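What Swiss-Prot says about this one:
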type    : residues                                                                 : note
DOMAIN  : 11-193                                                                   : domain 'tr-type G'
BINDING : Asp23, His24, Gly25, Lys26, Ser27, Thr28, Asn140, Lys141, Ile142, Asp143 : GTP binding site
Amino acid sequence: MNSQELKKRQENIRNFSIIAHIDHGKSTLADRILEKTETVSSREMQAQLLDSMDLERERGITIKLNAIELNYKAKNGQDYIFHLIDTPGHVDFTYEVSRSLAACEGAVLVVDAAQGIEAQTLANVYLALDNDLEILPVINKIDLPAADPERVRQEIEDVIGLDASEAVLASAKSGIGIEAILEQIVEKVPAPSGDVDKPLQALIFDSVYDAYRGVILQVRVVNGMVKPGDTIQMMSNGKTFDVTEVGIFTPKAIGRDFLATGDVGYIAASIKTVADTRVGDTVTLATNPAAEPLHGYKQMNPMVFAGIYPIESNKYNDLREALEKLQLNDASLQFEPETSQALGFGFRCGFLGLLHMDVIQERLEREFNIDLIMTAPSVVYHVNTTDGDMLEVSNPSEFPDPTKVDSIEEPYVKAQIMVPQEFVGAVMELAQRKRGDFVTMDYIDDNRVNVIYHIPLAEIVFDFFDKLKSSTRGYASFDYEIAEYRRSQLVKMDILLNGDKVDALSFIVHREFAYERGKLIVEKLKKIIPRQQFEVPIQAAIGQKIVARSDIKALRKNVLAKCYGGDVSRKRKLLEKQKAGKKRMKAIGSVEVPQEAFLSVLSMDDESKK
């Protein structure tokens, strides 16, 4: 194709993504669009086709973004090339959403006709507006008995400020309104800007590792074109590679002769090491490089940290390789090696949130077959020492000596909770119990309220979301963003078994709750840790001060069984001998801590509040 033909082709390209709150029908709508454009045959069609991970299909959530090319013949008789970039809706995967939106010109905003706008709908709309995307509202699930499209239309106008007069009324499940959505994409989403004659600039928005072909880059070509045989260069580190194959996904990978401006596809270039590529980097040609890289993504900082250890210590290297491969297409995962006296060698990993942590743990166990122990999640604290230094601490065992600590600051989040009016009381009670500060409350319509609180992230990390869902019968929707660091009265609590600290059980707690937390955990461990041949004291300590204690009684043989009657001094001699033996044992004995003990520290919160 000459450059004139390529420019003509570019005018008929439409890049768009679908954004929605969880369960508003995003993946189903994507399925219908694939069917309507006959991208997949009816034989290959299965529900949630784009959610290719088992984990995604089981949980019914989208975790990874996917990019697919579709061909559509519009009513005006022209053929269009659509690139549908599927996005996750969950708050932990906002980063994935921002990456996919950077590769689009338009977004289809799906809102449930019965539920209306939810917290994450708003969060994703703001991301789309930040990227200057054309937003097309779609009111989905209009065939539900509880659907009220007119109320939702009004809500979209009032809450988001979008003109919803032309919003498509659709039902992805029944296939109603799909054609109207496709026509709106043709009319309203702008064609990609960019110039095919300029030097190549392609944005890497994802990458996957293939055992045979190395790292495969998923890119959006912004300027120029790339074809097999070209030598590409990464703009962040200057490394060069020879392109062996370019192509598109329809969900299956299909090779092409070239990728030109506006295209979304993949590049394979025998990139062997995972570290050579980074999501958000710009690819250019080594022979005719671009002057400057594209505006990439903002780097996401992990919010939640936890230790991951292999149960079998010889799997340590396997775990490292597995984490490197996961990091390749999950740029927000961070990890570094750490050791623990109780658990051996492992990694300290940083995650965006609890669902992210959960998903990574399941992927490690499923895809790489490694059994893991996870320690309790913690957040990044700022510790100001008496020497005037500020330390960032994410691992309780790295906390400095309490005598050297001047003050501790912890991260607070701005939590936005949308909830029906009848549950406002329950939500406020929960937020206060979690040390939240009330900020404001707005009525969205007659029945739904948007409540905003500042809450410490450490309280959200535990089980805030589960508690919120149960106290509002699942009606609340929740979104949070980091607001600021604030000074708090925090202390580090150590757990001692038989007088020895178990580093993996240490945690940070607010001074107010320290005593009851300590007491609870000690009682819980007493039930879980098996009885030994000697008595084992379990203690909770803050610095040198013991705040709670419980003893696991020793297993002992009845040494008096053979003394029928007999002299009391004979019995005493046998008991004293047993006691001396137990004492000697206790001095040299060590206590095995079962996996449940670490988990009990996690699920602590639920009982302390009953």
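Residue numbers in this text run from 1 along the chain shown.
A Cβ is built for glycine as well, from the same backbone N, Cα and C atoms used for every other residue.
The average pLDDT computed over the domain 'tr-type G' (11-193) stands at 71. For Asn140 (GTP binding site), the Cβ neighbour count at a 10 Å cut-off comes to 32, with all displayed protein chains included.
Under the DSSP three-state reduction, Asn140 (GTP binding site) is assigned to strand. A C-beta separation below 8 Å, combined with a sequence spacing of at least six in one chain, links Ile142 (GTP binding site) to Ala113, Pro149, Leu169, Ala170, Ser171, Ile176, Gly177.
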